[in-house]
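Working notes, structure below.
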Amino acid sequence: MTFTGYFTLSKDHSSLTLHSTIPGYHSGTYKCNASNGLGTATKTFSISVGGPPVLIDDGKPTKVKVTAGDNYTFHCSTENTEGISYRWIKDGKYLINRSFP
């Protein structure tokens, strides 16, 4: 049984597989509860999903024509926000010579 393309449960639900496509926002605490008529046992797993940033496509164009005097905002957001810093570059030069978390 697959959920959202990122997880698969085994037939008896005793195993949870996290697929290699899992984004960072799925980091967190996972618990498995096993129970029968005599009680319940719980095992806790702490998962930290790391990897390079994955940019979110907000559907806005990346090439725009702006009239002088008008404002336009570019958005650069990532799925996995932990530890991410952003730097903006124009024509090969940093707009501000530091990164911002």
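The count begins at 1 with the first shown residue.
Just so it is clear, glycine is given a Cβ too, placed from its N, Cα and C backbone atoms.
Record features, source TrEMBL:
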DOMAIN    1-48  domain 'Ig-like'
DOMAIN    52-101  domain 'Ig-like'
If you run through the domain 'Ig-like' (1-48) with DSSP, how many residues end up as helix, strand and coil?
3 helix, 26 strand, 19 coil
Can you tell me how the residues of the domain 'Ig-like' (52-101) break down into helix, strand and coil by DSSP?
0 helix, 8 strand, 42 coil
